[in-house]
Amino acid sequence: MSKNKLSKGQQRRVNANHQRRLKTSAEKADYDDNLFGEPAEGIVISRFGMHADVESADGEVHRCNIRRTIRSLVTGDRVVWRPGKAAAEGVNVKGIVEAVHERTSVLTRPDFYDGVKPIAANIDQIVIVSAILPELSLNIIDRYLVGCETLQVEPLIVLNKIDLLDDEGMDFVNEQMDIYRNIGYRVLMVSSHTQDGLKPLEEALTGRISIFAGQSGVGKSSLLNALLGLQNEILTNDVSNVSGLGQHTTTAARLYHFPHGGDVIDSPGVREFGLWHLEPEQITQGFVEFHDYLGHCKYRDCKHDADPGCAIREAVENGAIAETRFENYHRILESMAQVKTRKNFSDTDD
C-alpha cells in the first residue's frame, strides 16, 4: 500500500512540533533549585554523558547532574556546583553543576563532524611519552610538539624504557634527543620498569596539571601507575609479544592526583594529535626553530621546499636546523593534505 507523501508545508509543521516537544521535555528534565544546597567550588574529575564527577574542596568526589544551560564541560574544568539535599525526594545524585569558570587552556582534538572537540581543560603541561620500543619515532614527537605549540601549552618530552638500551644505544638515543634539547625543549630519560629517572619526572610534574600523550606501546599507563602508586592504578594491558604494541584501555578522561603533588589527566583522546584541521602556516609556526627565518625567503609564498631563495632550507643546509625536523615538517604537511582530501570526498559523498 502506498503512503501519501507530506507536502513541504506539512513537513515543516511536523518538524516544528517535534522541536517544540523536545524543548518542553528538556525544560521538564531540568532540576528544582529547592532540591540543592549552597553553591561551592569544585573541579571536574571526569565526565559521563549528562553527569560529571566533581571533587569538592575537602577531596570528596560527588556524582553530579549538569545544568542544560552548560554547553561544554570537560575533565579539568573548575566549576560552581551545589550538593543535593539528602532528605529531598527525587534526588538520585549528589549534586548539580551550575556554572563553569573561564578556562586558562583547553585541549582539543579534531573531529570530522564537529571541527574540534574539547577533551580537557586548564592543563599547563603536555608530557609527550615516547619509547625505544616498539619504535622511537621522531615524526610522532614532532607532531605532538606542533600540537603543543599551537595550543600554547608547554611540552615535556619523556623517553621511556631506557633500561632496554646498552651503552651504544644510549649514545645514539641521546644524539637524537639533543635535536630537541638544542632548540629549548626539556627531555627526560626514564624507565617505568626500573624507576630510573622518575625523581626528576616527579619534580617536573609537581604543582602542574599535566596530560600524558603517547601512542600505544610506549608504556604511558605503566609510567602513570609508577608515579601514582598502587592506590590509583590505571588499567593496562600487556604489550603484545607478536606486535610489540600495547592496548589503550582508558575509556574516559579522568583527573588523578600525584602523591608528590600535581595532577594528571589521563585521556584516550591524546594518543595521537590530529593536525588536519590546522592551516599549513600553523604547522610552520609549530616548528620553533623556523621562527628566526620566516619572512626572509626570496618569495612571500615560499613553500619551504625546493623554492629558490628559501631561508629555512638554507638554514638546514648550513646545519642551523636539523634535517630530520625539516623532513618531518614536510611529512606532516603531506599527511594533512591526504586527510583533508579524504574528508572532502566523504563530505560530498551522498
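Positions of Cβ are set from backbone N, Cα and C atoms, glycine also.
Record features (Swiss-Prot):
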{"type": "REGION", "residues": "1-27", "note": "region 'Disordered'"}
{"type": "COMPBIAS", "residues": "1-17", "note": "compositional bias 'Polar residues'"}
{"type": "DOMAIN", "residues": "104-273", "note": "domain 'CP-type G'"}
{"type": "BINDING", "residues": "N160, K161, I162, D163, G214, Q215, S216, G217, V218, G219, K220, S221, S222", "note": "GTP binding site"}
{"type": "BINDING", "residues": "C297, C302, H304, C310", "note": "Zn(2+) binding site"}
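In this structure the C-alpha atoms belonging to S222 (GTP binding site) and H304 (Zn(2+) binding site) are separated by 40 Å. In the three-state DSSP reading, H304 (Zn(2+) binding site) counts as coil. Most other Cβ atoms within 10 A: among the binding-site residues K220, H304, that distinction falls to K220.
On its own chain, I162 (GTP binding site) has I132, M170, V173, M189, V190, S191, D196, G197 as residues at least 6 apart in sequence with a Cβ closer than 8 Å to its own Cβ. Neighbour density for C302 (Zn(2+) binding site): within 10 A of its CB lie 18 other CB atoms from the protein chains shown. For the Zn(2+) site, the Cβ centre of C297, C302, H304, C310 serves as reference, and the other residues of the chain with Cβ at most 8 Å from it are K298, Y299, K303, D305, D307, G309, A311, I312, R313. Here the binding-site residues are N160, S216, S222, and the one with the most other Cβ atoms within 10 Å of its Cβ is N160.
Using a 10 Å Cβ-Cβ cutoff, V218 (GTP binding site) registers 31 neighbours. On the 0 to 100 pLDDT scale, the domain 'CP-type G' (104-273) averages 85 in this prediction. Distance from the CA of G214 (GTP binding site) to the CA of C297 (Zn(2+) binding site) is 35 Å. Cβ neighbour count for C310 (Zn(2+) binding site): 20 (other Cβ atoms within 10 Å of its Cβ, all protein chains included). Nearest to S216 (GTP binding site) in space, judged by Cα atoms and limited to the binding-site residues C302, H304, C310, is H304. Sorted by the number of other CB atoms within 10 A, the binding-site residues G214, C297 start with C297, the lowest.
Cα separation, H304 (Zn(2+) binding site) to G214 (GTP binding site), rounded: 29 Å. In this entry, GTP is bound by N160, K161, I162, D163, G214, Q215, S216, G217, V218, G219, K220, S221, S222, whose most widely separated C-alpha atoms sit 19 angstrom apart.
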